[in-house]
Amino acid sequence: MVGSVRRAPVAWAGQGGRRWSRPLTRPFPFSLSQMTGSDVSGPDPQLAVTMGFTGFGKKARTFDLEAMFEQTRRTASMFFFAAKAMSFCFCIFRDTSSSESDESSDSSDDELIGPPLPLKMVEEPVNPMEEGVLGSLPPPLAEDVEEEDDDDGDSEEEENPVRKIPDSHEITLKHGTKTVSALGLDPSGARLVTGGYDYDVKFWDFAGMDASFKAFRSLQPCECHQIKSLQYSNTGDMILVVSGSSQAKVIDRDGFEVMECIKGDQYIVDMANTKGHTAMLHTGSWHPKIKGEFMTCSNDATVRTWEVENPKKQKSVFKPRTMQGKKVIPTTCTYSRDGNLIAAASACQNGSIQIWDRNLTVHPKFHYKQAHDPGTDTSCVTFSYDGTVLASRGGDDTLKLWDIRQFNKPLFSASGLPTMFPMTDCCFSPDDKLIVTGTSVQRGCGSGKLVFFERRTFQRVYEIDITDASVVRCLWHPKLNQIMVGTGNGLAKVYYDPSKSQRGAKLCVVKTQRKAKQAETLTQDYIITRKLLAWSLCHTSSHKPEPPVAGPGRGGRVGTHGGTLSSYIVKNIALDKTDDSNPREAILRHAKAAEDNPYWVSPAYSK
């Protein structure tokens, strides 16, 4: 510090023997420059020599700003004059070339030097200050134009969702002779499972099938109940089987039973107090996020959620009600894509659609009273992939689209879609631009169709004739980009496009059909002579037939009557075939014996 001298700290001893110190600084009344007789602007060389050092530290860099500005100004002016000179020469060259071209119009183009000028530069005057030194960019090359045309074609294809429908090829899977009422495809698209009115569930493996298209397994998991719904879990290791019974089942990928839901007590009035369903089931659905949780709806007017680990009791119960509080039967249910809504969007027999929050079972979050005609069974409700739109397939031959953010009226409605099955499907395309459903027909009155609607305008944009029977189930897999269809005549069809689809049916159509292996047996040749043949014919014609087995069976043959009491009763009593069709004749048959020996009746009445 100039004008002051810093001295060493001085120690002090206070009370209690504690020592403390503080620095002592005393300013001088005169500055260091006055003391040394030198200017403040720089150190005195005599003082530096006396004190033994040459300077007071590193000097700061100094800049001459005026010189820097002058140099920048000169450089800018040089560039400006150079650009102006180049533009001036360019204008002279242009005028000269244009005048020469006018004078020698008959000369060929080979005499010109350099490439022709762009049309824009020829027609418009060039302003070097606006265009810059290099001028405007040249027009795009021909390759760029072709690339732009290709991009336009791709954009047009993207805008037209009909071109993405994979319907150029198809394969037919023979399930049986009755209606295919259930379809399920695992998330990877490797296996297809079908169920029908014939109680059978069949497994199809695309990678293991050949051109014969045969199922590798068939079973009846619910005995004599029609299969109504089949769905793979989100992990693909379990299948939910919903039949006409009151108990849903879960089987693994190979068909072995994992769990069976418990049956409730049908004599309890409040269905929330019983542990399971008490009436026929309609459909079921897996939770899209939580593993092991699924949902079922039944004729007991409830929608119940279950856990695979706890088959003895449901997890929660939802009870659809009318505005007056009366029970209504839910005919279909589903989860939203995120699983937050129990989009047990339950479509009820009074025509209403009710949607609950998954964690609130008391009152529905959305309720629309007359979504479809009362008295008809709404066969399907499904959410779009973005989770904002709900599609419902009604028993009144309509397909409607709903926005759950404004659940007060349908966005669109399409009619003229006949349905005769309580499980007719509808689904969204993988890109959410199309909605697909099937139509039903009477036998011999036409063919069932798969109808495509555009989601944005709800226009009927495409149709596919499936077969001469009703289209019941339809499924559009997002990974395979293939459409599976279940029909009313026992067929399951798979539609695909070799250029647009992945794996699935493409794996089995390229495999040739395996030839049946013939059993190879070793046979011994016999030499039959004339005498041997005559002897065999003689002994065969005179052979005594074996008598019927009497008593207990022997030699692997069952006897006519066993030696037990039950066999004796059957022989003597149960198999008595006395004809008592005419009771009068049966009584008069004993009249002569009673007259000759009146022992039982006449003596008793004579007294």
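In case you wondered, yes, glycine gets a Cβ from its N, Cα and C as well.
Lifted from TrEMBL, the feature list:
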REGION    99-168  region 'Disordered'
COMPBIAS  100-112  compositional bias 'Acidic residues'
COMPBIAS  143-159  compositional bias 'Acidic residues'
REPEAT    173-205  repeat 'WD'
REPEAT    274-316  repeat 'WD'
REPEAT    381-405  repeat 'WD'
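Residues 228-229, 231-235, 238, 240, 242-248, 250, 258-266, 268, 327-339, 342, 344, 346, 361, 422-423 of the same chain lie 6 or more positions beyond the ends of the repeat 'WD' (274-316) yet place their CB under 8 Å from a CB of it. Secondary structure of the repeat 'WD' (173-205), assigned with DSSP and counted as helix (H, G, I), strand (E, B) and coil, comes to 0 helix, 19 strand, 14 coil. When the repeat 'WD' (274-316) is classified with DSSP, helix, strand and coil residues number 0 helix, 19 strand, 24 coil. The repeat 'WD' (381-405): residue composition by secondary structure is 2 helix, 13 strand, 10 coil, according to DSSP. Outside the repeat 'WD' (173-205), and at least 6 residues removed from its termini, the chain residues within Cβ reach (under 8 Å) are 213, 215-232, 234-236, 239, 241-242, 253, 255, 421, 423, 470, 472-475, 477, 479-480, 482, 484, 486-494, 502-504. Across all of the repeat 'WD' (173-205), the predicted model scores a mean pLDDT of 94.
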